[in-house]
Structure formats: C-alpha cells, structure tokens
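Presented below is the structure to which this report refers.
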Amino acid sequence: MADQQAGTIVGGVRDIDANANDLQVESLARFAVDEHNKNENLTLEYKRLLGAKTQVVAGTMHHLTVEVADGETNKVYEAKVLEKAWENLKQLESFNHLHDV
C-alpha cells in the first residue's frame, strides 16, 4: 500500500528528518541504552545519536544507531525501540553491537 502524498510505502523504513523533534528521538536513544544496561547488567554510557529511521508497524518502530562508551572503548550499536502511544508503551526490541569506533 502506498502513501501517495509522501511517496513512501506504508510499513517501509524511512529516515527521520534531522530537524523533526530531535529531543524525542534522542530520548528514545537514551532509553534504549538504559534498558539494555538494565537487561544485561552493563554500564554502557550514551554518547550520541548517529542516525535514526522509523517504520510504521502496529505502532512505530524506531531504528536508532547510537554511539556508547564501554569503559575506554567507544562502540556503535543499532537499537530498535517499539512505541505505541495509545498504550503508553515504549519497549526495547533489540540492541546489537555493530562495531567499535
């Protein structure tokens, strides 16, 4: 199914406009790191958001590329956060190491 105004496919992953609600996206990135730390008993430190994409599913899936500090080593992870505003739900779906910086 296509969204004719935006020219995108519903359900497709699309880049988030860098100027669109930066604080909300950064908040989701920090949430992802905090949740991963809680789930894995780690102490990764959020450094910065490197990229963000979004996908409309049964809610919104945010695909976030984040840089974190793991002791003296900076690492890049891809996080997926599911958000369902009508259920007041925010859930970390995955948090995968991509590479060291």
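Glycine is treated like the rest: Cβ placed from N, Cα and C.
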Stretch carrying motif 'Secondary area of contact' according to Swiss-Prot (options 25-29, 30-34, 55-59): 55-59
Predicted model, mean pLDDT over the domain 'Cystatin' (11-99): 93
The motif 'Secondary area of contact' (55-59) - residue tally per DSSP class, helix then strand then coil: 0 helix, 4 strand, 1 coil
